[in-house]
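Undergrad: I'd like to ask you about the structure that follows.
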Amino acid sequence: MTSDLDTRLDLLRNITSKVGAFALARFGNLSHIVIETKGEADYVSAADRDAESLARRLIHAQFPADAIVGEEQLGDAEVDHWLIDPIDGTANFLSGIPLWAVSIAFVRNKEPVLGAVALPALDTLLWASVDGPLHGTGSVSPLVGAQPIAFGIGRNRTWPLAHRLEVEAAFEARGYHIVCLGSCAAALAMVAAGRLAGYVEHGTHLWDCAAGHVLCRAAGAPSSILFEADGKVAIIAAPQHLRVTAKADARSLSEKHIFDPGSDRISHRMESSAD
């Protein structure tokens with residue numbers, strides 16, 4: 001990793017931690033937060049905007065010329081840039097559910113190369129460069145040799161229901177328990193930390209998944225981001241014995257694009273590991 005990326009990774013870790021602490025203070029005082037909507041069942045609050053503004057100020061204090069793209073303020077994504085989701089899992093955050101994340105990545109040559117995800121209500125911070133290693137502190141620090149039986153699905157409204165149900169049924173048929181955490185970044189952090197076997201979501205945004213994608217790659221978990229013409233993406237972080245076929249795309253993502261024809265059921269994999 002180049003020296004400028006080393007510097008940015010240190011900054012990324014510090015900023016994500018600080019923004020997490022900022023958001024956590026507001027999470028403890030939800031009665032004073034005004035909730036707005038950006039679209040159907042798409043919520044935002046002053047906490048989201050203020051957290052993103054803090055991240056922008058902290059980045060520009062050290063790298064004033066760097067471009068920044070955020071969920072709430074957008075920006076120039078055609079050059080190297082920082083990518084911010086100040087509170088991923090806003091519905092959880094506004095409901096007092098502790099499964100939400102601060103997700104910040106750095107993108108070089110249109111590829112996420114650095115990422116950090118804070119789970120402030122779980123006292124957890126994970127960060128990495130895409131080539132590793134994965135670093136972590138707190139209650140969800142990385143596990144080695146884990147064999148999780150839960151698989152995460154992002155139940156995004158733009159993912160065609162028939163395709164999503166097909167994917168869920170396929171994972172269940174292989175012995176996985178399906179969970180939806182309500183935060184793409186939190187779920188990918190759980191994959192990287194060895195708590196979830198994998199994660200799939202269609203119709204999300206790059207700021208939701210870029211940092212988590214980096215964490216998964218750093219942890220050795222295969223992860224792919226598939227782009228659509230409308231700017232949305234699909235994220236697939238799958239176990240080692242699964243893969244994404246070359247014909248997969250975000251719009252038609254379904255079971256046949258994720259599984260090897262001969263991929264083992266989870267029960268077979270776990271039995272083999274116990275031998």
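We count from 1, first residue shown onward.
Cβ atoms here come from the backbone N, Cα and C positions, even for glycine.
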Undergrad: Of Glu71, Glu228, which does Swiss-Prot put in the substrate site with Ile87, Asp88, Gly89, Thr90, Asp208?
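TA: Between Glu71, Glu228, Swiss-Prot records just one in the substrate site with Ile87, Asp88, Gly89, Thr90, Asp208, namely Glu71.
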Undergrad: When DSSP is mapped onto helix/strand/coil, what comes out for Glu71 (Mg(2+) 1 binding site)?
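TA: DSSP call for Glu71 (Mg(2+) 1 binding site): coil, neither helix nor strand.
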Undergrad: Non-local Cβ contacts of Gly89 (substrate binding site) (under 8 Å, 6 or more apart, same chain)?
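TA: Residues satisfying the criterion: Ile97, Leu99, Trp100, Ala101, Leu181, Gly182, Ser183, Ala185, Ala186.
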Undergrad: Asp85 (Mg(2+) 1 binding site) has how many other Cβ neighbours within 10 Å of its own Cβ?
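TA: A 10 Å sphere around the Cβ of Asp85 (Mg(2+) 1 binding site) contains 31 other Cβ atoms.
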